[in-house]
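Asker: One structure, as structure tokens, below. Some questions next.
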Amino acid sequence: MMDLRRTMLFIPGNNPGMLQNGGVFDADAVILDLEDAVSPQEKDAARLLVAHALKYVDYAGSERVVRINPLDTFGLEDIRAIVPCGPDALLVPKVQCAADIEAAARAVALAERPGQKPVNLIALIETPRGLAEAYAIATADRRVVALALGAEDYTAAIGAQRTPEGSEILTARTLLVNAAAAAGIQAIDTPYTDANDEAGLERDTAFAKHLGFRGKLTINPRQIDIIHRVFNPSAKEIDWARRVVAAIRQAEAEGSGVASLDGKMVDAPIVNRAERILQLARLLGLREEEGQ
Ligand SMILES: CC(C)(COP(=O)(O)OP(=O)(O)OC[C@H]1O[C@@H](n2cnc3c(N)ncnc32)[C@H](O)[C@@H]1OP(=O)(O)O)[C@@H](O)C(=O)NCCC(=O)NCCSC(=O)C[C@@](O)(CC(=O)O)C(=O)O
Ligand SMILES: [Mg+2]
């Protein structure tokens, strides 16, 4: 079963109003944030608010993720307080190497209550070393279900200028997608930080999908529909996928592993791509005529 993480909405952990309303936006995941959205003097209060939200707020089917602090600051305290409240996953920021994930996984195992659903980990790759070690991080523990890219911290660390078109993060994006794919887990793209630039968000998300990302970190509820629309298979994609599957079935019936569709070769990798599109469409309840 494919896990949907098209949108992962950051909600500042020190904002009771936003925490309370975070379930109404239909994000695939919410990320209750204890790290950069929260100043050091507010960390304790935010931890209590997030623990309370996990217990009492209905996030309406959104995966409930908590971004903890790095393990060398408040991260272990966060794990001890948050894990027993039953989040689905923790987003671990500034992960540098496999040992960081191993330490987080050990602390999570100690904090889980007996019988609790295992808490997954998502590694936020946002340092030069973290990017260099992305595959080792992705395979460090079975709890790791995705790698996410944090391009603001990353570009600051390498001394690059951020641009709307993102040429400065192309290498980081493709390395991260490759590491996640090699480990058989999802790649989630960096947030688009201008909440008012809808055209820019759409362009950036389409490019991320083109590169192989399965979803995007999200900072504002107004970004959700746009990102979903981009990641949802279009009617054209669903139609193409159906025709690919039909063509290969017919070829197989005739004893061949290769088919031709509109003059183009259809073989195993093309069929895999088509099957992924159809699986996603089924998961989203989309029929051909409904894809956008
Ligand atoms: C961006 C903005 C200020 C815009 O404000 P605006 O005022 O224009 O928002 P409006 O659209 O007008 O809000 C309309 C209504 O929606 C409510 N509402 C808004 N946002 C909501 C939300 N997120 N969750 C629930 N509710 C929300 C709002 O309360 C209002 O509700 P109401 O009053 O009832 O009508 C605001 O969205 C916001 O604070 N976002 C979260 C920012 C954040 O968490 N950043 C840290 C995480 S990223 C990060 O860390 C990445 C990285 O790791 C990457 C790297 O490293 O590269 C790093 O380090 O950078
Ligand atoms: Mg960051």
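Just so you know, glycine gets a Cβ as well, placed from its N, Cα and C.
According to TrEMBL:
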BINDING   Arg67, Glu126  substrate binding site
BINDING   Glu126, Asp153  Mg(2+) binding site
DOMAIN    6-221  domain 'HpcH/HpaI aldolase/citrate lyase'
Asker: Which number gives the other C-beta atoms within 10 angstroms of the C-beta of Asp153 (Mg(2+) binding site), all protein chains shown included?
Answerer: 18
Asker: Helix, strand or coil at Glu126 (substrate binding site), per DSSP?
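Answerer: The three-state answer is coil.
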Asker: Between the Cα atoms of Glu126 (substrate binding site) and Asp153 (Mg(2+) binding site), find the distance and write it as a whole number of Å.
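Answerer: Distance (Cα to Cα, whole Å): 6 Å.
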Asker: Between the Cα atoms of Arg67 (substrate binding site) and Asp153 (Mg(2+) binding site), what distance do you get, rounded to the nearest Å?
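Answerer: Rounded to the nearest whole number, the Cα-Cα distance is 15 Å.
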Asker: According to DSSP, which of helix, strand or coil covers Asp153 (Mg(2+) binding site)?
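Answerer: SS state of Asp153 (Mg(2+) binding site) = helix.
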Asker: I'd like the Cβ neighbour count for Arg67 (substrate binding site), meaning other Cβ atoms within 10 Å of its Cβ, all protein chains included.
Answerer: 27
Asker: I'd like the number of other C-beta atoms within 10 A of the C-beta of Glu126 (substrate binding site), please.
Answerer: 23
